[in-house]
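Peer 1: The following block contains the structure, expressed as structure tokens.
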């Protein structure tokens, strides 16, 4: 009494072995009383007073974690649970173990708010909760990448099932996806509960089976599947139930929920009519609505892909079981009743067969099969066994069907990573009055779990001691190993004996028990039977002794069906019945008793399969293996009483559960070490009285000690660290010194080179700057002086001005002036090119009346005009020269010229231009020679061209040659001659002409200047310096000459400058300003007239002629010009036709004749054949060639030494001309047409006729083509192109100057007598160059000759299938490649098997006959169509390999230097991080003599091991990458050319580690092929936009990119690395690949609604893109807007957190899942739409742009479809506004109102509306739209998204309802009445998900929430809207209020 005072808490012995808590109470009389926790009073005697123990303070009010209890014993744990239970706290921790006490009432702690509260919190941070354990599982799984498990155990009714569901709900919520797979996993619970749960005495929803749910998560923590395992279903409950218990829920739900028709079909009634349902005398369960539960079950079956057929088949089997239970047996006969007939119908078997199988048993005797009738008891047992088997198999099938829907097999891809969280909901320890075989299995499982639990707790305890650095050794604890040995481990264990006895035919329960009792065992774990008649045995479990009744053990363990039942099932037509018994049916067929020739007798003739205990042990072993590799968490479920009372706590029941749950083992392990653990504050508070100093001093000393400990430990760790660091620094210094030395030497050499280039660059830059400065100063000075002179002139003119002087000049007759200028031309010129002389005395044509034309004066004083000639003159003219017209000679040229000769020539040209334009007078006659005719002036210059005359005689200065009167033609030729001979003065000539045209008041002079300008523009173009200024001048010129001159300039620039002065017909064209027409003769005798201008080329004429006569095969046709007997080719290239005509005229002048009478002619002939010529392709060209050959035969153009050639061609001509008819006259005509006179004279005409006639009879079809081919083969030299050349170097020939003939057969060197000096076929030509080669030839047309040969070589190589190997290639380990030796001839198959663009082709070796991929870099394609001879091959091979090796060595030497200098960064990285070379393919050494492998160098060999040493253990991870990379870059052959997107998908699938991808790409970018490097840069660009580099590779990658400043993509790659913070999830999109394929680093994508193209990068997130678009559209805010993707079948909203291209790829990839990987990717068409998604803070009129662009277009369709509720007056008002929007102010449209009703009025209001009074005047169209929005924004459904769905969840709702989602929540609306049925705010919606055709919502809390399932194809839209609104409100909540740590709402 001295120790206890009133109010103290003490421990009182309760008499039950566990003390109870009590409080001291003192009566008025001073007597001490103890009031225990149950309210009972106990008197305290003096003896007892000294023995009581004071309660620790932690046990008084209770603690959240019972580990912190001071009274760490059974009493402390029990009272802590009691105290917290009375406080309403049902959850308590014991370390990491959660104890959950069933409250037997609903608590408000399972809302979505609680889910968010416990997410991402540490265990113990918040009050205990089942969500805390679930979050700990999820957090540890994601952080440690390790599988987790949560073991939930407890007695029936303790709340295991509810806890499991809560954990599942929490995991689905934190996964955050609201995916359909999550909902499917959750919906598995209602099905399993229906088929596996039943009402028992202890629990209304007791799970009668164990289950293990394994939920799988991907690397992002998103649920992607689950798997269920079930254990020990209580099948006996189907047939027998205890009193006040029910059968499984599904039977009652089925009878209450199915329709009347279904009941009638299945012949079902009420539950009271069936024996199997009324055995427990309990049909109705309080608190359960069976009909509603049935609806819930059907919904779950739909969600889990059970079809209607499946559901009906299940109902049939369940009905069959109920009917089978009503079958009665009397004596040894079958009682006739309708139940067995109904059962037979449901099972789809014959009623008789069913009756026989249930009442008879068949077995084999020694000789025959015997049937034995069964007693009624045996028949009932047989029937029950059949029923239990069907139900058990059906349950297993349902679980398998669920797994097929929710389980996703893990892929074989090593990059695929997923983790799991397992939930084990299993029966707790059971100890009943009578325990059977099921209890033995259950307790065995609990023993295994207890062993797992104890070992885990001991491990945690060890970690705690290690964490505190406390030695904890030699501490052992007792576990239940002996019990497990007894039950299943040691030999002759209990379960093994039961299995063994089950296999014996005569084994019984008695014999089994005797064997178990007789086995000698150590210890007292096994308790044998008391006597021989006792059928019980006992086992001491961890939770206490349990006695088992062995009766029925063997029967339950065998779990077998009779063969008669199996045969009956085999005869059934019920597919589901046969499917669930598939294994038994298969075993029955396989096991034939008579197969071995003898009869085997089995007493019960049962089909023995594995026993039930064996199956259970196997499942349990796999379960334990799974648990041991997981990190476990434990939830121990307790029930406080057996009466399901909410505030009642049964101490004895809870104490027993403490023992059963293994919680005492936790305490026992704790007590083995240091059980008392206080925090410092608790320790100080408790023991402060023992201090010798004050508390303050003690705390100060303690702080000092802690600081010393901390410093000392830090010092020790730092000392060790410094020691290691010193060693690493020494190693680094050595390596860095070596690398620095190497780098210094390379940089020193580079710096010297750079210095020399920089100094040169700076010197050039300084010179250029000074030169520009001087030029600018000169220009400004000249402009200033010019302005001064101009002002003086203007001042003088104004002072002398008079009315007469100001008069306008007289108009000029332009035609008369031009006629005078070109008086040397005849009045009429015949069509050019026609044969015969030109008419000598043409009659003058009557001239039209003269037209007076006044040329506009060109004023060019606008200096601000772009490309003004004024600006040009100011910038470039020398001295004081201006841009205006003058009439005096220049002292210096207008432009600066370096050459003195050019300067003198410019002054001469200026003099001639002034004379031509009439600005100065002609010089007087010096001599008496006539000079009026150009023929006399130029006739004496024999054998010289005018251009040469100008150069040799005139350019020396102004001598007597020019200082004389000259004709206009002479002046023209002089000016043009200067321009052709001196290219540098062409701009000067144009500037002089333009200067004289600017501000020229003399119209005659101006007109002559424009004529001169037009002539020059047709001959030579200006330089780039003057081009734009000249074009600007021409655009401002007079209409009569400006466009004409501009066109001539365009043509001259396009076709190039001329080489000769203008000819007569050209000047005639200038005179008339019309195009000249020339006649071109064809070989068939016809001629074609074609237009020709000054710039016309032979190619243009050939092309125009080919189009006119419809020639398809134009190759080799050329334009020829004939002059007298001479004919030469102009080719079909860029030669100017007018130049050839001018040469003919000059030749006439040389002969002293008139140029206009030159008899030139133009022909169109075949000049060359291609080696691949095919006469059958084009009949027109073949006919022309044929006519050319025939004419050539007669004209001796084609000749042969063999008469047979002429005979064969003549015979062919005979057949072509006269067909197959033979006549002498026809033959004579043919001979006269084909055979020359000389040949006819050598033989008689008759002889020729005879030979031709004989050959004619042998002619066949296609004679014309044969003739052409015959001539081509016989006379290749006649179809050749000839070039005069001079040999400069090469092998010696007989002559150094000779003719080269090039034709389809080869190249021939000939002398002037046509003697062949050398003949080469094209396979012998290794190549042709314009500057180097084996034969160095000098030729005037060298470029043309080289191009012709190169064209032949390239064409032959394209068509050739023959190649020769240049090096040995041996790749025996890869069958894709062809192995061959140097010099082998390979035949290439151009079948498209490999991509030739990437340098690969399929080839066959002629030596070995093998076929495979061949790299084009290792072979030489021979330019031939036929297989070349061996001699050519040998000669060509040695020549080519010699040249090839030389070129290759140069390239290799350069490439090695490039690698050494440029790739220092990757090389250093590879040296540090790569594996050692020479270890590929498992070979430990390199081949002898092989060079050391350079891992960082490029190669075309696929790697055999990863480049990085860190990835060597994950070989498959890396080896999938290099091959696609090499394929993309063209370094590996590709079959069946693929699109780039296919290869990028293979490269970046799964987005592996950056380091290896980048290493492979950088490695391949060291390849020598530039194309391959370009592809490598494309891959690197894509790579930098997908995922950032690893930390170890980052600096090397940056250094590599920075070392390539000239690469266009290097800078972009650096920027992309810096911008990319998180890796992308999917490979690049098609748009990205297409962009980089086009070498564009900018990506543009069209966004619809604003219909604009927006730039998007690879790292753009959707939220950023939305903000950019909103900013671009000038919206007030981007909140509420989003992007959606519209595909052909749906519209998908894009998540604003995702990358833009990832979202596009994810959506467009979905339909490709079923496609073959090697197939062509399917491009799904789609549109990206920008629109308002969330309608909050929307006020019409506040943001006009949003109203007009988004709000009005989005809301109008909803209104017109009738989704809103509105009055008639509102409809009238809104219709007027919409009418204003439609027609604006057009009042004439009022009559169209009746036809426009559908566009103005909602659908449901059309009948009630009339088109009267709908006029809205006085407002604009935009105002009408805003007014419409302001009117409807007052409605509650404004901004809603509407969905019409089908539903069966709520019977009180219509079958079709309208769901409206708005900012308030989810509205259910009746679509017919538009009445609001209910509105659920977002706070009440705890879960939702969508499938393909379903949408599901859970309303309320996670325990008792109502579910709503509807059918709709727009479920994904509803899902997205709900998620977006909830996220928006959550963000707003977090922004306005602090985080709340309280679990319970206040």
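Each residue, glycine too, has its Cβ placed from N, Cα and C.
Straight out of TrEMBL:
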- 154, 155, 156, 157, 158, 159, 160, 161: ATP binding site (BINDING)
- 61-737: domain 'Myosin motor' (DOMAIN)
- 885-1071: domain 'MyTH4' (DOMAIN)
- 1076-1392: domain 'FERM' (DOMAIN)
- 1358-1424: domain 'SH3' (DOMAIN)
- 1498-1637: domain 'MyTH4' (DOMAIN)
- 1629-1933: domain 'FERM' (DOMAIN)
- 620-642: region 'Actin-binding' (REGION)
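Neighbours and distances for these, please.
Peer 2: Sequence-distant neighbours of residue 156 (ATP binding site) (same chain, 6+ apart, CB under 8 A from its CB) are 200, 202, 203, 206, 207, 427, 428.
Taken together, the residues in the domain 'FERM' (1076-1392) have a mean pLDDT of 83 on the 0 to 100 scale.
Remote same-chain partners of the region 'Actin-binding' (620-642), defined as residues 6 or more beyond its termini with a Cβ less than 8 Å from a stretch Cβ, comprise 81, 85, 94, 96-102, 104, 130, 133, 136-137, 140, 144, 146-155, 157-160, 163, 201-202, 212, 214, 229, 231, 422, 424, 428, 444-445, 448, 452-453, 456, 648-650, 653-654, 657, 661-663.
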Peer 1: Residues with Cβ closer than 8 Å to the Cβ of residue 160 (ATP binding site), same chain and 6+ apart in sequence?
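Peer 2: Listed in sequence order: 152, 153, 154, 207, 425, 426, 428, 637.
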Peer 1: Given a 10 Å Cβ-Cβ cut-off, pick out the one of the binding-site residues 154, 157, 159 that has the most other Cβ atoms nearby.
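Peer 2: For the binding-site residues 154, 157, 159, the Cβ with the most other Cβ atoms within 10 Å is 154.
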Peer 1: Excluding near sequence neighbours, so keeping only residues 6 or more apart in the same chain, what lies with its CB under 8 A of residue 161 (ATP binding site)?
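Peer 2: In sequence order, 189, 193, 197, 205, 207, 425 meet the Cβ cut-off.
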Peer 1: What is the three-state DSSP composition of the domain 'SH3' (1358-1424), stated as helix, strand and coil residue counts?
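Peer 2: Breakdown, helix to coil: 8 helix, 27 strand, 32 coil.
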Peer 1: Can you name every residue in this chain, apart from 154, 155, 156, 157, 158, 159, 160, 161, with its Cβ inside 8 Å of the center of the Cβ atoms of the recorded ATP site?
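Peer 2: For the ATP site the neighbour list reads 102, 203, 206, 207, 428, 637, 639.
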Peer 1: When secondary structure is assigned with DSSP, how many helix, strand and coil residues does the region 'Actin-binding' (620-642) contain?
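Peer 2: Per-class counts: 9 helix, 8 strand, 6 coil.
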Peer 1: Just counting, how many other CB atoms are there within 10 A of the CB of residue 158 (ATP binding site)?
Peer 2: 24
Peer 1: Are there residues of the same chain, six or more positions away from residue 155 (ATP binding site), whose CB falls under 8 angstroms from its CB, and which are they?
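Peer 2: Non-local contacts for residue 155 (ATP binding site): 202, 428, 429, 430, 637, 639, 657, 660.
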